[in-house]
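Q: According to TrEMBL, the protein has these features:
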ACT_SITE  199  active site, proton acceptor
BINDING   30, 31, 32, 33, 34, 35, 36, 56, 116, 139, 140, 141, 250  NAD(+) binding site
BINDING   103, 109, 141, 175  substrate binding site
DOMAIN    25-167  domain 'Lactate/malate dehydrogenase N-terminal'
DOMAIN    169-333  domain 'Lactate/malate dehydrogenase C-terminal'
């Protein structure tokens, strides 16, 4: 039985004694933004990180100076603008990419495509040249397309390793856990729901039948809960009324995933997280499933597990959109000048 990867808050305390190899250089690309700043704060707090390299197109020196005053071991460096991107990435073990524009009311993740596609392609190009063996964790939306984009860019340099390229879908899991715990009166720290598929709308498929501990809902409540998990990002966008999208919860989820990757790199066994990766589990080239992480990235894809008829229908309904998003990302790179 694989143990559940710990949440960041647990990881901070626990990781003090996990390994003598806690010397990771972690880069955050987009470190001055709404996700980047709280994400960088959480990473600065972790003894797993020895060097936190922050990059953005503006304000990074200030963010780095601010974080550097925190009494934890990670050395913080700030890098600003295209001329300093290469320096930010050299020697990195893990690269986390929250860079990009946030959603506003009425926008879909797909509306972000052209701006964020260009940003991700540029950053992936720099990763390929400066830290080709790093674990790449992409938060920038639309993840269903940005992972294919980054993968195709890495292929152009001959350094693509599908076991080290992750679309961070952890926020979907975090939300599913929180919502189910609230409905059932459970401790959310003990709830674990795999979420498979992609990271937008109906491609988000929570496997509530595989929840630990086991929970059950009437069909109408299950459908409503599934829809809420799928559209939770829009819930936040509307609530912020033009002031941004999910930043704090995404920073938490991004940190949780990064800590799991670092734990596994340090030799911790049984670390499992869901992630959107190159996959043979379905007819889609990329698909999110639970992954057993190891020192070199993905050690084993744990697949979809046993699905209910309701969940099988959700998977079937997601395929067309997911395939189109993947093709859109691949075509973007093929047509780049």
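Backbone N, Cα and C define each Cβ position, glycine as well.
TrEMBL does not curate its annotations; it predicts them automatically.
Surface or core, plus neighbours and distances: that's what I need for these features.
A: Cβ neighbours within 10 Å of residue 199 (active site, proton acceptor), excluding its own Cβ and spanning all shown chains: 29.
Residue 140 (NAD(+) binding site) has a Cβ environment of 27 other Cβ atoms inside 10 Å.
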Q: By a simple count of other Cβ atoms within 10 Å, which of 30, 34, 36, the binding-site residues in the record, is least packed?
A: 34
Q: When the Cα of residue 34 (NAD(+) binding site) is compared with the Cα of each of the recorded positions 103, 141, 175, 199, which one is closest?
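A: Checking each of 103, 141, 175, 199 against residue 34 (NAD(+) binding site), the shortest Cα distance is to 103.
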Q: Between the Cα atoms of residue 250 (NAD(+) binding site) and residue 175 (substrate binding site), find the distance and write it as a whole number of Å.
A: 10
Q: Hey, what's the widest CA-to-CA gap across 30, 31, 32, 33, 34, 35, 36, 56, 116, 139, 140, 141, 250, the NAD(+) contacts in the record, in Å?
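A: Between the outermost Cα atoms of 30, 31, 32, 33, 34, 35, 36, 56, 116, 139, 140, 141, 250, the distance is 18 Å.
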Q: Write down the Cα-Cα distance for residue 103 (substrate binding site) and residue 140 (NAD(+) binding site), rounded and given in Å.
A: 11
Q: Reported as an integer number of Å, what is the Cα distance between residue 175 (substrate binding site) and residue 30 (NAD(+) binding site)?
A: 23
Q: Go through 103, 175, our binding-site residues, and report the one whose Cβ sees the most other Cβ atoms within 10 Å.
A: 175
